[in-house]
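Visitor: Residues annotated as active site in Swiss-Prot: HIS94. Residues annotated as NAD(+) binding site in Swiss-Prot, with similarity to another entry given as evidence: 170-200.
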Amino acid sequence: MLVAVVKELKQGEGRVACTPENVRKLTDAGHKVIVEKNAGIGSGFSNDMYEKEGAKIVTHEQAWEADLVIKVKEPHESEYQYFKKNQIIWGFLHLASSKEIVEKMQEVGVTAISGETIIKNGKAELLAPMSAIAGQRSAIMGAYYSEAQHGGQGTLVTGVHENVDIPGSTYVIFGGGVAATNAANVALGLNAKVIIIELNDDRIKYLQDMYAEKDVTVVKSTPENLAEQIKKADVFISTILIPGAKPPKLVTREMVKSMKKGSVLIDIAIDQGGTIETIRPTTISDPVYEEEGVIHYGVPNQPGAVPRTSTMALAQGNIDYILEICDKGLEQAIKDNEALSTGVNIYQGQVTNQGLASSHDLDYKEILNVIE
């Protein structure tokens, strides 16, 4: 199987889907690997480093001729022209956010494997490290954009406690998963107060025990509680994600209007559509805008801003799956590995993820029924 590592075209995206170390694992297993020129530069990997591990450096167009194309984020619309029948595209594709790319993949007969929908032992194994990074960085961005020079309230999130008692900021975090706890931990490290809004009762108990000795309040998620707590936020971070599907707009414009002027609103799951009515995708180079008096931060690829860290995390997570596909062939790998099967969103043009099908009102078939 010919495997290609392509350079990301998304603005500000410095990650690469495969490290030189992982290229060596593939070539040692007898697979041919091509790497687009400068694909790894943003993460600190030169073309020479890939060549030394057995890869051939190629052009963008040549990379897309491969049987298996390994990416970080969804293909750019300029890359749709390179799709070919039975080609496998691997990455954090977030297909629920764009019906156009799904229809193009269906038309051509592409197979799409989305890392964010791979579930192992009930957990989003590949997404978790990226969620952790996005959560931590969101807390930092909230502090940064709280400063007056960036349009914020002009507050120092840590407060001041030397001979005076000026309280720190309040972070309201919507959701209680990996991204949420990582955001909360950074906020606590900044001496901020944290309110977590979570739906699941078992998770609420877990969070209450986890933060029993911290300045954290855990609140049951209801529309009424959300509307009440968001008014307290100096920084509001939504972490709600439904793997493979678009989440509902749970944070309404009226709720945003009720927030403090100059407060900061961040949606970590904006790459899947987000839960906030007033938010739209932004970029790492132009990350914020003001609406209803609130600073909106809608960067969909936050880990791409810290590529040296995030590339190592994602590459460590995906290499075993990629090796299994290359060694066994996709169909056998799917049959042998239940977690991998959950990542197949489209198989040769057929939608095989129920959440994705529901998001775009498309026909759904279970993956094992399609390949048998």
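In case you wondered, yes, glycine gets a Cβ from its N, Cα and C as well.
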Visitor: Near VAL178 (NAD(+) binding site), how many other Cβ atoms are within 10 Å of its Cβ?
Guide: 20
Visitor: Around the C-beta of VAL194 (NAD(+) binding site), how many further C-beta atoms are within 10 angstroms, looking at every protein chain?
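Guide: Other Cβ atoms found within 10 Å: 27.
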Visitor: If you skip the near sequence neighbours and keep only those at least six away, which residues in the chain come within under 8 angstroms of LEU190 (NAD(+) binding site), Cβ to Cβ?
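Guide: Residues satisfying the criterion: ALA139, ALA143, VAL157, THR158, GLY168, SER169.
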Visitor: May I ask for the distance between VAL194 (NAD(+) binding site) and HIS94 (active site), taken between their Cα atoms and rounded to an integer number of Å?
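Guide: On Cα coordinates alone, these residues lie 29 Å apart.
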Visitor: What is the number of other Cβ atoms found within 10 Å of the Cβ of ASN182 (NAD(+) binding site)?
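Guide: The answer is 23.
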Visitor: Hey, how far is GLU198 (NAD(+) binding site) from the residue listed as 'active site', Cα to Cα, in Å?
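Guide: Cα-Cα distance, GLU198 (NAD(+) binding site) to the residue listed as 'active site': 23 Å.
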Visitor: Near VAL186 (NAD(+) binding site), how many other Cβ atoms are within 10 Å of its Cβ?
Guide: 20
